[in-house]
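I have placed the structure first, in the form of structure tokens, so that the comments after it can refer back to it.
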């Protein structure tokens, strides 16, 4: 596929104006963020599929109408050495699909460090796979309450905006705390690559394309693009699309998907009002949560107060080689008993950043003989095993996984090949349909929820297929 601009449509939606083939291919640095990006495209009217392994011709043949292909990954919690080993092959396989934009999809809170989930390292690897001479970066996503102004990232919680280094959750992230909101400075710790900015004032100017062309060079600089509102969102999408040339690599949040969709919509290439169908209610759902977020903690508390059965996974026991299997058995038994009575269940490892399971996690891991990272993955595998056994023992049609690492572990254990969007719930956490060669898993309805997504009624909303109380 080349970089020529599709013909200007005459009126309404004009699908024939699209260039042939894929429009975008992306690798998500965690599973929940990958579904967020898929939702943004699908809701806008761009058929999208999310693969949970490298996309093969055989798998993609099941989705002949797609214009966007994603692959869910786990690099946000990985070392730079892991990235050096794993990302080149993955990104090469996505680049080979021929889309003009290859994206490394990052979280809209940009949580990363030189040691863990290095976005800079991912960029240095990714730019080798596309011919472009700049690497745009779109992080702001107003729909998710993320805003970038003059290179600084802000996020709103409960109607209050915070600079990211003062955000009540991200500034205290247990692995990658954000202590710098200026993304130029934060990213400069992770790469020696030149970093530039198109700020919100330049973006609205008449000569912004000239400015981009002046920045383009063989060293392929990273160019951050401010996004504050719907106007700057659409302008960012226009800039990326019109300056894609023969193909570009970008490390961006789902703000990129929202930006491209806004531009395409403005040109009449997409329906004027983005939407997804609603879902039907189910009697009961099962959820597992490895999230430490106060947002998820509030959601667990709401669910408990509204008739859900909540069961804590005891981490010292779960990590102990002698007690781990028994702890999983205990949790599964309690959860199964509730589900057979038609009661929804949440199995969780923590409730918020001040939970002793979080504040004392290093000591718990050390006592079990694990480094922090290895212990965290073992907890994710324990939650995945709980979900697998619940699905094998109870008739369940809809499940939830909260937390990016947990989502990856669960999807792997369940043998899911791909996901597509079934229905809309809240921005960033759609209801998905699982595609699997395993008949018992094919058609499973699943929600993968990031820690910061949703209000307190989230689990009730998933069960009802709509906002609780609506």
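Backbone N, Cα and C atoms are what each Cβ position is placed from, and that goes for glycine too.
Residues 403, 404, 405, 406, 451 are recorded by Swiss-Prot as ATP binders, and the candidate that the same record lists for that site, out of 253, 254, 275, 291, is 291. Listed binding-site residues: 30, 405. The one with the lowest count of other Cβ atoms within 10 Å of its Cβ is 405. Note: the ATP site is recorded as 291, 403, 404, 405, 406, 451; in the same chain, 30, 32, 289, 290, 292, 380, 401, 402, 407, 450 also have Cβ atoms within 8 Å of that site's Cβ centroid.
Taking the Cβ of residue 406 (ATP binding site) as centre and 10 Å as the limit, one finds 29 other Cβ atoms among all the protein chains shown. Relative to residue 30 (substrate binding site), the binding-site residues with Cα atoms inside 10 Å are 403, 404, 405, the candidates having been 291, 403, 404, 405, 451.
A separation of roughly 14 Å, to the nearest angstrom, links the Cα atoms of residue 406 (ATP binding site) and residue 78 (substrate binding site). Counting only residues at least six positions away in the same chain, the Cβ atoms of 348, 350, 402, 403, 406, 449, 450, 451 sit under 8 Å from the Cβ of residue 291 (ATP binding site).
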